[in-house]
Each structure stands twice: as structure tokens, then as C-alpha cells.
């Protein structure tokens, strides 16, 4: 790539000496130059100049190539107008020369020497130039021309020139390529020709690319699965080791210590005895519940006394500890330990024993006998004390309902 300084110098040179057109064909805005003569040429003509060889024409790009200072000085020393005027001033110049003849001539050699001298800062003169004795190289002749008759030199020369032009055109075509692109040449690679098997090659390359991507993804998946399995295995082994340690500390070690100390059999026997006692207690309680259910009686921990004895004892204690001035009904109601309730199965009132909670259908008879026992006990107590008190007459059974406050 040309530097900014190079572009600036070339821009200044372009506007001078008819350098804005191609020296060979007159095309506008040329982008290539022949540094050897300081002339500006187009892309097509630059290809033809390359065919001449670098000893006759050294071609450079204005924008794409790097430049040296000596090359920029040659561009200042030369130019399109200067080269044309110099060629026309020479005696051996022929306007009908071909490209090969023109640049292999003595006039072109003199101008090349002049450009080099001016670029190097030397003075140049036609008389002192070493190009005065320039001899153009003989053009190549075809093998068929060797057998031509020497009496036809002009035709042989014309044929050789035509053959050289054909060879030059073929060489130019090799540089430009089959596409004929205007910008194909030095610094611009021509596009490759498409072949019939390009489609197959592209398909195979796509297949290979897809397979390589698949193998890459599979390898990544396998590596990720391996890492996951390794991590899971490490965690599982860690948990198993923790569980084994806990089992060893909490179960195996205590059992082993007890076996060593001889306490394991004591613990087993105590556990069995406790279990047997629990089973025995549950069995006895169940048998007692079944017996109670079928007998219809609730059994307490101790046998309850008879009803008459209970009433007698309660009445005796009451008469000994209570005032005799109270009426019979008030004394009976306050001192009676049993509660009077109505049986749900009959209309009779029964006296419930506090110890056993039994029901009796003969409640009125028991109540009557209890009253008689209480009266007799009261008389005996009074006689022992030596004090005579009037005993109220026994109230008939049927009159008891009128005195109760229901």
C-alpha cells in the first residue's frame, strides 16, 4: 500500500506532462506506471509492459505497491510528454514500431539512461551516454524460418514479427486470464475457473465439516458426562463413608463394648423381662374387662361392703356426729353418702353405692331398713350418754314425697 507521502508526490506528477492519460492507448485516469520511463499506463497496457521484462519496463501500481525514493525521482524525471518528444527527436524512430520494437530501440535505451542520471542527480548528455552503442537484441525466429530462402529477407522479417506479436499476445493473455477482467494483473489475482466437479467437492467438504462438528460435539458431551459421573460417584462415596462412620460410632462400637464388658446379655434379659411383664399386665386387664362386660358389674380393686352394712355404718356415724334436733329427712338427706337418682329402666328411685355404683330395684326396702337401723343406733347412743331425748315417730313411706322439696 502506497504511503501518504507517495500518494502526494504521484498526485503532483499526474497533472504534469500529459500524465493523466495512458501513454500507449490514451485511456483516462491510468493507475499503473512504468518507472523505467516515468510514463503512466492503464491496466491492459501494464500487462503488455510486463511482458517486455523488468530490464525494459518496470511496472508499479499507483495505490497498491510500496515505493522507494529513487522510484519517485524517476517519475519526476520522466513523463508521457517528455518520452514522446524524445522518441520523435531521434533519427531511427518509426511511429509504426510495435511495442517490442519501440522499447528495444536505441532511442528507448537513451531515454532510460537519461531518467536514471537525472534521478540520481547527475547531468546527462547525448554524446556521453553509454547507450550510444546500444544494439537491439535479435528477435526470436521460429524454426520453420531457418529453411526459408535467403532471397526473401523482407518476408522472413515480417513473419518473425507476426510470430513475436502472437507470442506476446499469448503471454499477455496468460497474465490477464480467461475472464478478461480489466483489473486482473499484477497485484490482482484472477478468480479460479469453475470446474464441473466443484459441486461434488463442495458437497463433500460440507459433509466433512458436518462430521467434524458432530465428532467435536460428541467428544464434548462425553467429557461432560464423564465429569458428571465422576462428581456423582465422589459424592456417593462420601455419603456412604459418612453413613458407615455414623453406623460404626452409634451401633457397632457400643455393641462391641457391651460384648467386651459382658453387659449385652444383661440388657437383653432385662428387655425380655420388661416385655413379658407388659404382656402379662395387658392380658390380665383384658380378661378383667371381658369378665366385667359379661357380668354387667364394675369390679373395683377391693370388694365393696354390703348395702345394709354401708347404710348402717353411714347412719351410725351420722347419728353420733350430728345434732338430734334435726328432722329425720334433713338428717337423712345431708348424711347420706349415696346419691339418689332415677333409674332409666324403671320409675323407682334407687340409691347408688359410692364405692361400687350398684343399682338396686328394692331401693325403698333398703331405705326403710336403713331408717330402722339408724333409729336403733340413735337410741343406743342416747342411753349411753344418760340423756333422754324424744325420738320422732317414723314417718310412713308414702308421706315422704310430700316433705321433699322437689
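Glycine residues also receive a Cβ, built from the backbone N, Cα and C atoms like all the rest.
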Where does Swiss-Prot put N6-acetyllysine, among 231, 239, 389?
231
Which range is it, out of 22-45, 46-69, that shows up in Swiss-Prot as zinc finger?
22-45
Annotated phosphoserine residue, as Swiss-Prot has it, among 129, 343
343
List, by number or range, the same-chain residues at least 6 past the zinc finger (22-45) whose CB is under 8 A from its CB atoms?
10, 14, 56-63, 71, 74-80, 82-84, 99, 108, 111-112, 115, 176, 182-183, 185-186
Distance from residue 231 (N6-acetyllysine) back to residue 246 (phosphoserine), taken between C-alpha atoms, in Å
23
Report, in whole Å, the straight Cα-to-Cα distance of residue 231 (N6-acetyllysine) from residue 135 (phosphothreonine).
88
Secondary structure content, the zinc finger (22-45) (per DSSP, counts of residues):
3 helix, 7 strand, 14 coil
The domain 'Arf-GAP' (7-124): DSSP-derived helix, strand, coil residue counts
56 helix, 11 strand, 51 coil
